[in-house]
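Asker: As listed in TrEMBL for this protein:
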BINDING   H304, H353, H418, H590  Fe cation binding site
COMPBIAS  64-77  compositional bias 'Polar residues'
REGION    59-85  region 'Disordered'
Amino acid sequence: MATFRASSSNTWLNPKSSSFNDLCSSSNSRANSSSILLRKKRFGSKNTISCSLQTTLPFPKKYQPQSTNPTTTLNPTKETKPNLPLPKQEQKWNLLQQAAATALDFVETTLIKQESKHPLPKTSDPRVQIAGNFAPVPEHPVTQNLPITGKIPKCIDGVYLRNGANPLHEPVAGHHFFDGDGMVHAVKFSNGSVSYSCRFTETHRLAQEKALGRPVFPKAIGELHGHSGIARLMLYYARSLCGLVDGTHGMGVANAGLVYFNNRLLAMSEDDIPYHVRVTPNGDLTTVCRYDFNNQLKSTMIAHPKVDPVDKNLYALSYDVVQKPYLKYFHFDSNGVKSPDVEIPLAEPTMMHDFAITENFVVVPDQQVVFKLGEMIRGGSPVVYDKEKVSRFGVLLKNAQNASEMKWIEAPECFCFHLWNAWEENDEVVVIGSCMTPPDSIFNECDQSLKSVLSEIRLNMTTGKSTRRAIIDETEHVNLEAGMVNKNKLGRKTQFAYLALAEPWPKVSGFAKVDLFTGEVKKYLYGQNRFGGEPLFLPNEDSENEDDGYILAFVHDEKEWKSELQIVNALNLKIEASIPLPSRVPYGFHGTFIHSQDLEKQE
């Protein structure tokens, strides 16, 4: 097993905060739950919901923005200003609404006091979930002409974008890392020059909470547990009935996935439809709208849709945790025209964070993590690991008109939060994913350490049986989560995968280039006290070699408290260039790259 280490260079001395692991060791710690009344924040006539340099996060001073050159600020024009309606909070409340707001504020303050008497589990304790470099940062306007160590490869011309959770407001109760507001970080490459910016995706939820000056929408993972979770749902519905908040335009945070499709960059989370984000000519970001594909998309869409590299179609799923149909499949052709929904019968609502495509099929996991809202009445979490359920994969033709021909094949004790690729091989469908145990360890506290095994799952379409094997030998096991294969080979047989080394969990100490045929693992380590996130593989479009390309990854130095972008040659795992960034980049989720010629076609 080969190992490569990044060099340590470009050190800046900045304040540091407690590490995630330090806080995990004291799981009974509780976020400060001082009583904060939900009063309507007063705004002058100049207030808008567009991104602003004046955005302030109520977190320690070390997270506040540094002074910036005003010439770097993007002044939104009519064309680039987010096309979002003003939230109702900016309208004047009548006397009845004001009285209702005051009463409900009192109820929430009482609820917070009651919650503070009980320690939170690590999976919903904000002192754990957003500690260290998991903590949020303010927006950063475009900084041009960043210094470069090394040489930028010529084929890297465009913008690297990465999504992540970045709560605008300090949590007043439980908070899971997945609950944070979406923020996109952008590094733009143009004619040898590099710029950086980061902006919130201006969701309807964010706009309303910004207007109120505090969080008011329920947090699906961090707050909706037990009786207090029910109380928070009731609070939300009461405020909604009184016209104090409006969830009719979605409650999603758009913090997980990014995809560039049909000349639009889409930011996504599976609890809503996507948001259209535009990259401006100078490298800034602006939210255009909540994008329903011209009134075609009527339901939520998961954050991992797949763009087929051959037919250029976008394939997606939508799941519902409350009412049937619990699962739907659909796709958009290369012009953005949506197919009819295919309703896939499920006995109960199931978490469908990801799926896979092959040349002819979609592969849908129906696994052991399910939603049982009734568990909240019994004081538990609605996200449940159902040990009695047998995991299975459904295989359906991409152009299917209904689910009648879907073939289900059982794959016992298999939970893959992410699927890296799939392809057809003789009478089998081969699926590559990381099998995670315990399956619900991301959502519910448990004593067992998380283990993520890169696996090859073979679904025999003739016999209806499955087999599963670990790709990497047990003696060389490493936890691999977050990554990709060559996107030009998606749905076809691939030899290599580029995956994050999720050690020590939940941090990422480097990435691995894994030979899926032989199990050979080559590691690239960021170095002592350095951690990153998902590695993005950018193929060299002029080469036919599958692994000819570059890996881009944000890396944070927890000792020096600085962040940089590293560019690594995927053939030899040698660093080509590093770019120190003017802002700390928190650990985040998924990214994409848009080439300059595609940026010119943006809608």
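Even glycines carry a Cβ here, placed using N, Cα and C.
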Asker: Using all protein chains in view, find how many other C-beta atoms are within 10 Å of the C-beta of H353 (Fe cation binding site).
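Answerer: A 10 Å sphere around the Cβ of H353 (Fe cation binding site) contains 20 other Cβ atoms.
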Asker: Validating a neighbour-count step here. Other CB atoms within 10 A of the CB of H590 (Fe cation binding site): how many?
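Answerer: Excluding its own Cβ, the number within 10 Å is 23.
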Asker: Sorted by position, what residues of the same chain at least six away from H418 (Fe cation binding site) have a C-beta under 8 A from it?
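Answerer: The answer is H304, H353, D354, G433, S434, E481, A482.
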Asker: Specify all same-chain residues, apart from the site residues H304, H353, H418, H590, whose Cβ lies within 8 angstroms of the center of the Cβ atoms of the Fe cation site, ordered by sequence.
Answerer: A256, G257, I302, A303, D354, F417
